[in-house]
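What follows is a single structure, written as structure tokens, with notes after it.
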Amino acid sequence: MCQSPLHDFLHGLPKCEHHVHLEGCLTPELIFELAQKNAITLPSDPAYTSPKTLTQRYGNFTSLDDFLSFYFTGMTVLHSESDFALLAWTYFQRAHADGVHHAEVFFDPQVHRDRGVAYETIVAGFVAGCKRAEREFGLTTRLILCFVRHLPVESAAQVFEHALANSHFHPETDMLHGVGWSSTEVGPPKDMFRELYATAKTAGIRLTAHAGEEGDPSYIATALELGAQRIDHGIRLVEDVELMQRVVQDGVLLTVCPISNVQLKCVTSVAEVPIRRFLDAGVKFSINSDDPAYFGGYILDNYCAVQEAFALSVDEWRHIAETSVRESWVDEVRKEELLRRIDDHVSKHLEVVLV
Ligand code: HPA
Ligand code: ZN
């Protein structure tokens, strides 16, 4: 909980989350629980002595790649459909408690397939978690298939072809709603998914991409050139003023994750995340949690951290919340409903303040 007088206002503010990896919601406690259930031997690294030692190690990530080694190890405990469903459901319960009304969530099928888990098992489990959140909380959800940059393009092509062959992106199946890319940024060719993104674009599939987190603005430019409609992170955009003007003109959304940026040493504090620069320049952005079980902060913690660093006004928060709704990959009827809820929430807050 933050010290801001706006804490309760921020808690109740209807939120959309656009950047959260379901595998990044695997808490140390759940890693140990599922490792035992599925008879998985965790690494001999002393960090894996207990959930407590693992949590302590998570507090000392040195870079994106240092984090990713723990992230990919953690997910090895997921085996059955019910494990994937439980993971998604665990996240949605927390998101609901934080005031999330709509969530667009990533998952990394290539990595699970590489260790022998069937694509169908992964998707069926995550879809079940999404459906439960829709049913029990009225929380709308969107699943985004994420390609990973540390594995060969061929492995991404295989899961993509499989998803296409089974019509998983078709509106009638209502299973997958977009494609993204993530994992290690600096190193692999910037445009490694050129052909796959071209195919996806032709098929009318929505595209996003992690870029400008550790990598310089040229990673963002390449992602946009390949057809990304959104940029995940994108904080290094401020280093290229011309590109920033283009992003403003084209109305591209950045899905910013302030606590993640601090934990992965992309910035030294939340105050260094260019929130004020983006607001002043008219860059659209939403505020998100990324891998909350690894970074020690869910979406509300991220809103609070931004408030403590920037002391935004109620009007600025209304603008951020409304932008998050307008840029969501959801139909107009749902957008109108969420915009009304934001309006109600802000009006109630102002009534109390003005009394
Ligand atoms: N960056 C890149 N890849 C990721 C991240 C991230 O923050 N989280 C999970 N995979
Ligand atoms: Zn991410």
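A Cβ is built for glycine as well, from the same backbone N, Cα and C atoms used for every other residue.
From the candidate list D114, D290, D301, the residue TrEMBL records in the Zn(2+) site shared with H19, H21, H210 is D290. Within the model, the domain 'Adenosine deaminase' (14-344) shows a mean pLDDT value of 97, rounded to a whole number. Note on the recorded positions E213, D290, D291: the fewest other CB atoms within 10 A surround the CB of E213.
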